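A short worksheet on the structure shown next.
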Amino acid sequence: MKLPEEFLKKMQNLLGNEYSDFIESYNKESYKGIRANTLKLSVEDFKKISPFKLSDIPWCKEGFYIDDFDNVRPGKHPYYHCGLYYIQEPSAMIPVEVLNPKPGDRVLDISAAPGGKTTQIGAKLNGKGLLVANDISPKRVKALTKNIEMFGIKNCVVTNETPGRLAEKFKYFFDKILVDAPCSGEGMFRKDPKSVNNWSKFSVNQCSKMQKDILKHIPKMLRPGGLLAYSTCTFSPEENEGTIEWFLKEFPEFEVVKIENIDVLDRGRPEWVGGRREIEWTLRAWPHKIKGEGHFIALLKKRDGQNEGLKMFNRRETNYDAYLEFENLNMKISLRESLHIVGENLYSIPDGLPDLTGIKIANLGLYLGKIKKNRFEPSQSLALALKKEDFRNVIDFSSKSIEAIKYLKGETLMLNDKKGWKLVCIDGFPVGWGKQTDSFLKNYYRPEWRMR
Ligand SMILES: C[S@@+](CC[C@H](N)C(=O)[O-])C[C@H]1O[C@@H](n2cnc3c(N)ncnc32)[C@H](O)[C@@H]1O
């Protein structure tokens, strides 16, 4: 791999004796991982049914290395379509472990696309509390929404906003915030050689400015006593220790928290930026020292103080009869207490949402489906957020059957059964909808998600 001269020189200066080991790591393959979705099954059950050989990632109990990744192709397996796991670079699992969201927390993931860390937070919240996943790029928000839907996360609002606009709405609202910042991506050179070209395009200084432009809005959104995790996938001190040093100076109400729960990683290097001593309590993942790519993670706490009240979200009360008829006929659980409609789109919205007037929203909790001409058509995300036992009429294919593959490819299946909506499952895990007619099952698997 051809690495930029300027980068090599800088790393040599920083690393001294370690430099040759660091460079040697570029001759090795990058590590590939997946993370089990505990919203759908336990880690133990996942290990039992996993079609891939797994070995544990030390810092994330849901995370596993996959050897032979390119041959076993986890992105092509029917379980991927059921949302049973997320494909994620192993070091990228560290920041959420450090932030450690708990059920009931209000969490903001401010630069979230494509959603690796959002899905990890969503699984940790386990349906309780509120997750706001934001990204500034409309295109990347689409991928983010898809991944949240696949994972079956019910309590996530997806926004497409600038941090400044979010700060106007969520005053001192969140318990925990993740800033997984845009960065120069030096830690990804081995995994993604294309990132070398981006490095030349976006300088370290430009990235450091982007990071500060995001971070300066965080204090307004975090409640007193709340936690902020800041992470990058780059080595440059200017974007890591340097950004934290700047933040602590600008916002003296924050202090660095010593990250204790992950002991296989190195500490931050305050001396590289002439920064204060406690920056040493941050973490650095080095590709020549662990089985993963380069990352930096800092955990900061906002000191205790007073909080402010907020105007809350106003749920629209209207006629939901078409949905209620569907629910009465088919479902064994009820979402009627949380319904909210936007145009013809029906959502189940999470509790405790503030007023979001004027905010660009891509997804408002759990998208249930459309009400059109007094008829309800369920969405793929509803199927993926249900358990098999939540629905009365189910059709369950084996992951090894030809029917499962035909369904995922969008084909019509010739079947005789009772008429009406069917929750289609694979090995007991919901994946989408079908509508039974006299002699066939009409396929409602979302066209853009189909298996090719
Ligand atoms: C490192 S990536 C995030 C990866 C993501 N957290 C994950 O785990 O999948 C950084 C993201 O920041 C977004 N971004 C860049 N500038 C932003 C800004 N000012 N506000 C919000 N998001 C921003 C980019 O569009 C990009 O998706």
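Using the three backbone atoms N, Cα and C, a Cβ is placed for every residue, glycine included.
Please treat TrEMBL annotations as automatic predictions, because they have not gone through curation.
If you check TrEMBL, you get these features:
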type: DOMAIN; residues: 22-303; note: domain 'SAM-dependent MTase RsmB/NOP-type'
type: BINDING; residues: SER111, ALA112, ALA113, PRO114, GLY115, GLY116, LYS117, ASP135, ASP180; note: S-adenosyl-L-methionine binding site
type: ACT_SITE; residues: CYS233; note: active site, nucleophile
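Taking the features listed in TrEMBL, we show where each one sits on the structure.
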residue	record	CB count, 10 Å
SER111	S-adenosyl-L-methionine binding site	20
ALA113	S-adenosyl-L-methionine binding site	24
GLY115	S-adenosyl-L-methionine binding site	29
LYS117	S-adenosyl-L-methionine binding site	24
ASP180	S-adenosyl-L-methionine binding site	24
CYS233	active site, nucleophile	26
Could you check which of these binding-site residues, ALA113, GLY115, LYS117, sit within 10 Å of CYS233 (active site, nucleophile), going Cα to Cα?
none
Rounded to a whole number, what is the top Cα to Cα distance in Å among the residues the record ties to S-adenosyl-L-methionine, namely SER111, ALA112, ALA113, PRO114, GLY115, GLY116, LYS117, ASP135, ASP180?
13
Those same-chain residues, other than SER111, ALA112, ALA113, PRO114, GLY115, GLY116, LYS117, ASP135, ASP180, found with Cβ within 8 Å of the centroid of the S-adenosyl-L-methionine-site Cβ atoms are ASP109, THR118, ALA133, ARG140, LEU144
Based on DSSP, name the secondary structure state of ALA113 (S-adenosyl-L-methionine binding site): helix, strand or coil.
coil
Does DSSP give ASP180 (S-adenosyl-L-methionine binding site) helix, strand or coil?
strand
